[in-house]
Amino acid sequence: LAGRRTQLLKGLPTISTVEENAAAGVSLCTFNVTLSPLPPEGVAILPTIVNSNPLTTAFDIVPKGDLEYMVVTTGDPVLDYETMPKSFDLQIFVEDITGRTDLKTLTVRIIDKNEHPVFRGNMAIQTVTLYVLEGAPQGRIYQVYATDPENAELKYSLLPAPVPFLVLENGDIFSTKVFDYERDQHCYFLNITVTDPGGLNLTKTVNINIININDERPYFTTKQRIYRIKEEQSPGTPVANITAKDPDDEDSPSRLFYSIQSSDRYFSINPSTGVLQVTRRIDRDAFPLRLHPNVSVIVRVEDSPSGGHASEMEITVIIDDINDNSPECNPSTFRKEANENMTAGTFLLELRNYCADTDIDPLNNRFNFTGLSGFGSNNFALESAVSGRLVMTGSIDLENPANLGVAVYSLTVRVQDIAYPDYSNIIYIYIRIKPVNDFVPVFNDLSYEFNVPEITKVGSSIGRVSARDKDWPPSVITYSIVAGGSIKDYTNLFWISPSKGVVKILARLDYETTQKHILVVQASDQEKSATASVTVNVLEVNDEEPFCSPNFYSFQIPVSLAVGTNINGFKIECKDRDSDPRSFRYFINEGNVNNHFTFSPSAGSNTSRLILASRFDYENGLDTNWIYRLRVYITDDNLLSARNKATHLIKTGTVTLNIRVIPNPTTVVATTVRLLKFIFTVVMKKENLFSESAWYVPFIITLSSLLLLGLLGYLGFLLVKWLRTHCPPSGKADGTPLMNAPEKKKPKKEVIMTMTKLNTVFDGEARDPVTGKIYEFNTQSGARRWK
């Protein structure tokens, strides 16, 4: 710029004007570049705005011809008279190829122009949408704001006119009515026009939407109020589709909520769709539906799940009965009894009295009885399918071979619905034919004879009687002894098993007393009876022992008694109830040392004497015992041969003898005694004072001693009793205890009393036929006691 300046720019400097808001490319002025004598290509630096005052980019230079240029507006920024400088000085520079330059100034003045008003705020950048709640009171709802570039006063207007809104000159928009969404228009489009004093205006649209609020109750569109369904519908089965509408949702699907207000247990409703459906089993035949088949349901519809507007409607569901129950019989099993030989037509059972169908509808609870079958059903019939009356078709004889063994007839009857689907049940009937006692028991034999050895053990079976009865089933026969079988000591000598007829003995038989017993045995079937004779022959057996007298004896004999002497004239005499007197045999089994003693005769007689068989020899030391205790055996087998002795029952009696040998008076017994290292001999001289006539003296002395001892013992007992009664205990004086003296315990006196109990030996047992208890008895004395 500091080079050589030459007049190169032609048409500058100059002053130009332009209206504000001119568009880009508006020409402000035109100027030329003079390069003479240079050619047009002689421009080194094209004309350029090198500076502006104030700075701006609102202008630019564009070529118009070869060396002709225009200053134009760029539109960036837009020229604004009200906000920008009113004048701009533009310095334009040019340089040719020779280095010549030129700098000229173009003054641009901005001319004010009446501009259109401009909306401010949201109205300037978008379409404003307003929302007005229905039911809101009329009044100001919005204010539009616009400005004029020339700051002129603006006016607002509204098109179209017939709308329930107005705009004041200050831009306030007012509603002129209370809107009802269900009756009025839902959306309004207001054209708001702002106008300046020059008549320029600008129009913007304001959308006003009326907002629906929940101010209406929903109402049911379903008109039907009564529905019918059959019982036993599966859960989930739809019953009714309840529909409703909310006036607040007129232009869109209503979002309603359904519920059941009544405490109903059979139905539920879908809260969204309003479908009423079965919830659980519905049994028309059960209470309370059996009495009241109509179910009332209160359905409620709400337009909000938590509060809001609601409506209710009552609907009635009628439950219809279906045939869903089979006839039932209580009991379903019958047990009846009928006597044999009953006549045809005899009434047994009427089934209808025990059966019922719980279906409530009379068309569904009718039933019949059919299909009588089972073993022996030909003996029975149903008189009527309606009543189920069961009768006999003929008599039944249990003894008839065709019916033999049949006591119970098993029948079945079907009870079946008349209505479809023909439900049925089976009734079981058991008829027991009670036998009639037509026949008398008959013994297999008219009389019985039993041979019983007399030694048969008590309680043993001796025989059996048997009877039979032609009745079927066979009657239970009971046996008893009605006569006979008693002796002097026993009322019942025999017993018979009531069920088996086995005869047993209750006491020992004795041939020697009674050789034959005749019994009368009865067989009874509880109604009828028969008798038979039973003879019990008692067989003799050698069961009695020889009994000898005396069976115990003590005596003394001199040592010098001659051999062959009947000692003291002693003899034994034996008896046997079942043996001959010649059958006795005598021998000494124990105590006969050196065989000094024997019996004569030794056999063949019931009397035998004690004989001294050999002399005593004490001097030579052959004999040392002075006392002999002999045990004598007496058997009743003397008449038996050796062969029969091995098999024949032999009884033995016993006798005990005590024999004391008395030395002679001259007999000296030397006894040597060693005492304190001295040896001396004591000579004892014994004098025989034995007298056979004084045998009673020892007995009297012994008896007297026992009586004296008893008397002394009794007196001692009385003395002790008196002392315990009259003498106070030691350590006490005048009833006052000694405080410092230790108490002395009184020694205990033990009195030992020995008691000898004589026990009866009970060697047998039997059962009492009356009470059935077991008792024991003594076969010798007949004594009895309960076991």
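The backbone N, Cα and C atoms fix where each Cβ goes, glycine too.
Because TrEMBL annotations are produced automatically, they should be read as predictions rather than curated entries.
What TrEMBL records for 10-119 (among others) is domain 'Cadherin'.
According to DSSP, the domain 'Cadherin' (124-220) comprises 2 helix, 46 strand, 49 coil. Residues or ranges marked as domain 'Cadherin' by TrEMBL: 124-220 (among others).
Under the heading domain 'Cadherin', TrEMBL lists 221-329 (among others).
Sequence annotations record features per position, and here TrEMBL assigns region 'Disordered' to 232-253. Distant neighbours of the region 'Disordered' (232-253): 181-182, 186, 212-222, 224, 267, 269, 273-284, 299, 301, 303, 309, 311, 313, 315, 317, 322, 324; these residues of the same chain sit at least 6 beyond its ends, with a Cβ under 8 Å from one of its Cβ atoms.
Per-residue pLDDT, averaged across the domain 'Cadherin' (330-443), gives 88. According to TrEMBL, the domain 'Cadherin' annotation covers 330-443 (among others).
Look at TrEMBL and you will find 444-552 (among others) tagged as domain 'Cadherin'. Look at the domain 'Cadherin' (444-552): DSSP puts its residues at 0 helix, 50 strand, 59 coil.
The domain 'Cadherin' annotation in TrEMBL covers 549-667 (among others).
Positions annotated as transmembrane segment by TrEMBL: 695-720.
The residues of the region 'Disordered' (232-253), classed with DSSP into helix (H, G, I), strand (E, B) and coil, number 3 helix, 6 strand, 13 coil.
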